[in-house]
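**Q** One structure coming up, written as structure tokens, with questions to follow.
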Amino acid sequence: MPAEPEMAPTGGPRPKRGILERLDQGEVVIGDGSFLITLEKRGYVKAGLWTPEAVVEHPDAVRQLHMEFLRAGSNVMQTFTFSASEDSMDSKWEEVNSAACDLAKEVAGKGDALVAGGICQSSMYKYHKDEARIKKLFRLQLEVFARKNVDFLIAEYFEHVEEAVWAVEVLKELGKPVAVTMCIGPEGDMHGVTPGGCAVQLAKAGADIIGVNCRFGPRTSLQTLCFMKQGLGAVGLSPHLMVQPLGFHTPDCGKGGFVDLPEYPFGLEPRVATRWDIQKYAREAYNLGVRYIGGCCGFEPYHIRAIAEELAPERGFLPPASEKHGSWGSALNMHTKPWIRARARREYWENLLPASGRPFCPSLSKPDV
């Protein structure tokens, strides 16, 4: 039998290898997870606005969440700068971007993690498709990331490939690796560009890492990424792939994703994926050839730990958070009740069909749009 993976190495600071160096060598890079949804539940983010003032107003809360993801196995501390552009935050944007970089960098320094400066789609694009103005917004955030010397850059949560291409073009100006993810499903972007077509445009714009994030659950996101991979392969392109889906099951989503479901954003808890669902997702992503695997809204630290545990044989070690978690429920062997001890096995949890406890609720919803 193969040796059990060891716990993550500890000790003093070690030279950190870059994101592309890791991916080029075939290593698994584990992203982080939910910030907006999680911090809203914890009382630090206001729903509706979904802006990250918490990095200034409640830095300890943001630092704690970064630490939880690091301990769970994340290799990337993404700056909490979603919707932190000038058009969303007015005069606060620069202070927020700067503080977010400092927090991510502080926590990344406590482990083998990289700092990724993140931007997302603008609120302006839907109303004023002004390339120069939108690129200026991206460039303002990029200037902060340059001063803070982040390790690489992520453009995430884009509904339209045209705007995502503009973001990639701006981020490439810094000369650091660029990842880009779109919040689309199998039907493609909001202008009808297929997932494969989106991926090809992004690769030709210079993106080093391409994929999807948010809006859809793990299964749908992997289906979309498969279409992206097929499109790239058809024209001979092979950037690295990444996936960061929701931590919710959303098979009933329409083209717009979970935001159109009637449960969004305050009634999504019955849809939360189990840790075992996420282990399955991690394995399927790995088998698809994806090496940057993480999560987005609803993806809690224990979900990230599930990725790290599932892929521990490939990575060669377990995350620190696994010290308190027996593989496939093995710690239940110590329970006093025999029927609970009987659950300390992989087959039980892999085949469980969990009940919701809500006898009068449907299993699926109808999107409002």
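Every residue gets a Cβ built from N, Cα and C, even glycine.
Curation plays no part in TrEMBL annotations; they are all automatic predictions.
Pulled these features from TrEMBL for this protein:
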- 17-311: domain 'Hcy-binding' (DOMAIN)
- CYS214, CYS296, CYS297: Zn(2+) binding site (BINDING)
**Q** Long-range same-chain neighbours of CYS214 (Zn(2+) binding site), Cβ under 8 Å, sequence gap at least 6?
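**A** Same-chain residues close to CYS214 (Zn(2+) binding site) (Cβ under 8 Å, separated by 6 or more) are GLU156, TYR157, THR181, CYS183, GLN244, PRO245, LEU246, GLY257, CYS296, CYS297.
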**Q** Could you tell me which of these binding-site residues, CYS296, CYS297, has the greatest number of Cβ atoms within 10 Å of its own Cβ?
**A** CYS296
**Q** What are the other residues, in sequence order, whose C-beta lies within 8 angstroms of the center of the C-beta atoms of CYS214, CYS296, CYS297 at the Zn(2+) site?
**A** SER34, LEU36, ILE37, TYR157, CYS183, ASN213, ARG215, GLN244, PRO245, LEU246, GLY247, GLY295, GLY298, PHE299
**Q** Suppose you look only at the domain 'Hcy-binding' (17-311); what would the mean pLDDT be?
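**A** Mean pLDDT for the domain 'Hcy-binding' (17-311): 97.
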